[in-house]
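*Asks:* Below you'll find the structure I mean.
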DNA sequence: CAGGTAATGTTATACAGTAACATCCGCGAT
DNA sequence: ATCGCGGATGTTACTGTATAACATTACCTG
């Protein structure tokens, strides 16, 4: 999916949730799209300041939170960062592997794993927050 | 496992790894044991300051990192916190469910899920970092 | 146009984590 | 015993991450 189609899909997703892909949100989403892997809020903030003169932390955090809330981005807790989700229109569950060394990200289908996971958590009456599961570790190019 | 036996097991684990459960580490471990769920580094720091007069962030972070490195504690990235691992002597993989509302924690066996997970990641040549998987969400008492 | 709602701007601050260097302490070798 | 080494801890200062609280704007709708 190229950037144009991706942004159009993002617009549709916002609209479907009663919101809008505002100029700021689009700009932030494009900035994150420009990185191959994990990007940090303060990096996006710096980019934003370069592009539009002024911006403060809440500006970028609000946009990132919004985009993550509807699945266009995923937050990678272990790295205090964000990644683009390229599957937000698909129904299948993605397993995200984020490399701590190179910052690269890979998304895999993991329906089987998710079935197993959700059965286990359901048995405990527990509802996981994240739609997608993010693991950190070492990718095949960065093995120790 | 009561506290005494737990601490003895922790000592053995440290020794087995060529280290020691020093006074500071024992104290930190006991403090974390005293909380029913997730506890934050700065909470432990405050407790430590109360108990021994002076302590700075590196003191508590070093102890927490050490304890987490060998599995006595787990870090919960999503909450910037730590929890006690009650299974560090067992071989089975634990799935940890941490409630974002009440801070409570539950540990489940999840060997099946882990098998599925590790097959999936292995196929991608990816080596996950954490021995144990921590999910955040809502426990059965805190459903929205 | 009035008034409400969502979004953004602004300031200040709280919370989380680490670098760098000093000091201490236990222990084995001389 | 003491020298010197390495692991652990103390101390200072700082960087990075995130949010509270309030002001302002933009836009829609009646």
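From the backbone N, Cα and C atoms, a Cβ is placed for every residue, glycine too.
The feature Zn(2+) binding site is assigned by TrEMBL to A:99, A:102, A:139, A:142.
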*Asks:* What are the sequence-distant neighbours of residue A:139 (Zn(2+) binding site), meaning same chain, six or more residues apart, C-beta distance under 8 angstroms?
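*Replies:* Within the chain, residue A:139 (Zn(2+) binding site) has Cβ neighbours under 8 Å at A:97, A:99, A:101, A:102, A:104, A:106.
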*Asks:* Below 8 Å between Cβ atoms and chain B: which of A:102, A:139, A:142 make it? I'm asking about the binding-site residues.
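*Replies:* Answer, by Cβ distance to chain B: A:139.
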*Asks:* Please state whether DSSP places residue A:99 (Zn(2+) binding site) in a helix, a strand or coil.
*Replies:* strand
*Asks:* Which residues, in sequence order, are found in the same chain with Cβ within 8 Å of the centroid defined by the Cβ atoms of A:99, A:102, A:139, A:142 at the Zn(2+) site, excluding those residues themselves?
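*Replies:* Same chain, not in A:99, A:102, A:139, A:142, Cβ within 8 Å: A:100, A:101, A:103, A:104, A:138, A:140, A:141.
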*Asks:* Residue A:99 (Zn(2+) binding site) has how many other Cβ neighbours within 10 Å of its own Cβ?
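*Replies:* By my count, 22.
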*Asks:* Can you check what DSSP calls residue A:142 (Zn(2+) binding site), collapsed to helix, strand or coil?
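*Replies:* Note: residue A:142 (Zn(2+) binding site) is helical by DSSP.
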